[in-house]
């Protein structure tokens, strides 16, 4: 179909909504807790109390972060917290988001090892998504993260028992395997029964989460998409072979999360409504590139006398 001189074509390209970092995970890294390359885990958040890192977290949408409820044992006042996103190191960066609201599943921080150790953090304003800041996908409530499944845990916590992370304070990653419920229950057996509850998931390395990793994500790749299986919750020691790390099982809380965040990214199409949208607008002499409605670049096309310009 021919176009008149004042007509144009508008093309839309939907960008995958969650779980697809622009820097791929090579799968060849040494197991056990090593520095993560920039952009590999773009949903990783640092939760800070009075500018001091206290917990990890994961970005679910431009306005919401998932973390652990016990992270707020120091304060339940949202104005005391800041959230850093898109950063590889824990530094005193001036770029952070303030917190508008904290929603804990149990209504208040519980003691270590308690059930319901999950919380949502609403940011004061949505963050801009980029190659360094992307949301992770939520699994379906029926998803099965089976025993032996290979997953990754990330954070800025201790690198061993009594060993704080050393400069340059780079984000650490460790490959872990999901542990079956029976084995984990036996590992944490007590006179009153097992400490492992139905809303908990266990995984072990030799890599493991440790102090200050709480609230961070345990993610597993399913059909090429990274889904969050767990939230770092508790454990006995760090990296002990007979004591798996214990996580809040995300599948147990997916419906609760979607109740508060309808736009949170699922493993399928439900992640797309808030995803970045590319729009290419063509006129006979002008090309405009928009991302989420923001003009990123404009190019004059037809006349060689027009120099290409970028905003």
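First residue shown is number 1, and so on along the chain.
The backbone N, Cα and C atoms fix where each Cβ goes, and this holds for glycine too.
Annotated by Swiss-Prot as transmembrane segment, the relevant range among 256-276, 277-297 is 277-297. For the pair residue 71 (disulfide bond) and residue 184 (disulfide bond), the Cα-Cα distance reads 23 Å. Candidates 70, 151, 184, 192, 238 (recorded positions) were compared with residue 214 (active site, charge relay system); those inside 10 Å Cα-Cα are 70.
Residue 192 (N-linked glycosylation site) carries neither a helix nor a strand DSSP state and counts as coil. Comparing Cα positions, residue 151 (disulfide bond) lies closest to 202 out of the recorded positions 77, 117, 184, 202, 238. Mean pLDDT for the domain 'Peptidase S1' (30-262) in the predicted structure: 92.
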